[in-house]
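Listed in TrEMBL for this protein:
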- 128-282: domain 'Palmitoyltransferase DHHC' (DOMAIN)
- 45-67: transmembrane segment (TRANSMEM)
- 73-92: transmembrane segment (TRANSMEM)
- 171-195: transmembrane segment (TRANSMEM)
- 242-263: transmembrane segment (TRANSMEM)
Amino acid sequence: MMLIPTHHFRDIERKPEYLQPEKCIPPPYPGPVGTMWFIRDGCGIACAIVTWFLVLYAEFVVLFVMLIPSRDYVYSIINGIMFNLLAFLALASHCRAMLTDPGAVPKGNATKEFIESLQLKPGQVVYKCPKCCSIKPDRAHHCSVCKRCIRKMDHHCPWVNNCVGENNQKYFVLFTMYIALISLHALIMVGFHFLHCFEEDWTTYVLNRERMAEARISLHEKQQPLKVSSTECSSFSPPTTVILLILLCFEGLLFLIFTSVMFGTQVHSICTDETGIEQLKKEERRWAKKTKWMNMKAVFGHPFSLGWASPFATPDQGKADPYQYVV
């Protein structure tokens, strides 16, 4: 329990009649253990599908336009392994961020029996969310999309179709980091491709077309599709290659900027132990201040290990009481 300063006003929620436990129906019978968390939101599902599509498009261009046709097998193997590993980790992080309960407060638990079970001392106050009829822990906020109160809710992200909260912030941070890395990697490979292949391939392509135009061919041959010899570095013609690479550059640059900003914002939020909503609302700090390193371990797990970079390692956040009410 934490003490509320005298200048902290939530007068409406302090009134006994505000809780109105008799108006809250008991929570439904809990589902099977391990039930998958998934938000049925049309916009979020569409954004998640677009995210996967863009990653797979980048995968197609990198593999079939730049790496597989290349005659430098060492270059292709090294970059292929690196890019595919980063893409796999990015999509795995996206799945974990999307399918992990972000820290939802049990819905409909603001019942008379539950409030009595808390054994509140005189002067202690609990807050009730009027939208989901739940007893609201400190630093929890209601999400209108998830229709639940989320512990340490940072924001609702449509790209992962979920809230970013206490239990899945690690996966969201990893998702932004790996997307930024594969975007940077793709842009670097596009730069090398233009430097080493574009001029030679385009020159060969133009010369082949000029020779075909100057040659005397029969009427039957004129009716056939124009065949141009394959280029040195790509299985596609230079115009097609340029279009695919320009689209990849646009995608990579856009995602690199966006995810880098999000990654930096999330790391800053973790280090300061202040969520995005708390910063936006300029809420008064009513929780103990910890070091930046302790805040990082609280999100990514104790102790520091390679598991911090793995979306498959569930962080050990300790046995924290999910109901730390403000009083």
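Glycine is treated like the rest: Cβ placed from N, Cα and C.
Sequence-distant contacts of the transmembrane segment (242-263) (same chain, six or more residues past either end, CB-CB distance under 8 Å): 54, 57-58, 61-62, 65-66, 173, 175-177, 179-180, 183-184, 186-187, 190, 193-194, 198, 236. Looking only at the domain 'Palmitoyltransferase DHHC' (128-282), the predicted model's pLDDT averages out at 82.
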